[in-house]
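Have a look at the structure below before the remarks.
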């Protein structure tokens, strides 16, 4: 479930980044003003190129993450397999503890009920 949330957040960030494009000025006044604006525009173009590269890198990372998430075993069986890999002296190797209560019910062997 955490991977799904992370995936949604990552997609939202990428979408927000793609939607925030610079707006061109309505009407530049004079050639002196145009020259003054050209330098920041050049810097903006360079930064947009690096942003595009980082977006491509993020896209590649996202594709690898999705691929790994599909390959990874999930659910109860993967947990059981991981527990089977524990060494036999580990405390939870067999998942059967002394005094374990199943959903709040005690086992019938522990208590004698009056008849």
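Placement of Cβ uses the backbone N, Cα and C atoms for every residue, glycine included.
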From 31, 74, 93, the one Swiss-Prot labels O-linked glycosylation site: 31
Candidate annotated as sulfotyrosine in Swiss-Prot, where the set is 65, 97: 97
